[in-house]
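Reviewing the structure listed below.
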């Protein structure tokens, strides 16, 4: 079939299920497209991995899936991975590669108190490109940084059907609880929009939550909108992971709620 006659196939990749926050915005905007989602749970969390390992695992997974489902675009729905894998992916694939960047610029434009919090993984908050974003767009703001793996784990548990541990969440955010003029929070990890309501309970002074998911969905549409969007009946949205996990059977039962037909385990060497 000619490439222009099929609906675009888009792969979302993350170390966990945080990328759901980006996928759900894309599916809301472009409901008839063909979506694949891969979470590298065998390598989770990426914030604890070396850059070389993140690059290797991301490339391997994307290339393996591309062999089976020729891709029209890849969305790295992970802030930590986006800081290191975009150049090698763009060298390996002749298709759009879309990353996620913390929404520091829009945060600096919307804050009234000029006091912003950047909530991200430990790996992301240390990256030099975060310094560059702040220097470029938020020089007139105080930008607090909090790197956390715990909140990523809490979001993972929520999406797998467990209740959110608010005590642990409050404890992790306690250093910001007394900052009365902290009015804007940058959700610098794709997991965090999944627990935004719970975060807001812990930080009631925050008025603006900056989530780039909707902007990423619009970017996908812009890059691929010249394609025919007529759905093909033989195509189903598919999910992949890289290791079996305890809640797998329960997780599979909920797949249809997110618009996926099946979950398959793929192996990355």
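Heads up, the Cβ atoms here are built off N, Cα and C, so glycines get one too.
Following the DSSP three-state reduction, the secondary structure of residue 190 (substrate binding site) is coil. Feature annotation from Swiss-Prot assigns substrate binding site to 14, 15, 46, 47, 79, 80, 190, 191; the stated evidence is sequence analysis.
Under DSSP, residue 78 (active site, proton donor/acceptor) is assigned to coil, being neither helix nor strand in the three-state scheme. Of all Cβ atoms in the protein chains displayed, 31 besides its own lie within 10 Å of the Cβ of residue 78 (active site, proton donor/acceptor). The active site, proton donor/acceptor annotation in Swiss-Prot covers 78 (among others) and is backed by sequence analysis.
Neighbour count (other Cβ atoms within 10 Å of the Cβ, all protein chains): 31 for residue 189 (active site, proton donor/acceptor). Look at Swiss-Prot and you will find 189 (among others) tagged as active site, proton donor/acceptor.
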For residue 15 (substrate binding site), list the number of other Cβ atoms lying within 10 Å of its Cβ atom.
31
Could you state the whole-number distance in Å separating the C-alpha atoms of residue 80 (substrate binding site) and residue 189 (active site, proton donor/acceptor)?
8
How far is it from residue 14 (substrate binding site) to residue 189 (active site, proton donor/acceptor), counting Cα to Cα, in Å?
11
Cβ-based neighbourhood (8 Å from the centroid) of the substrate site, residues 14, 15, 46, 47, 79, 80, 190, 191 excluded:
16, 18, 19, 45, 78, 81, 121, 124, 152, 189
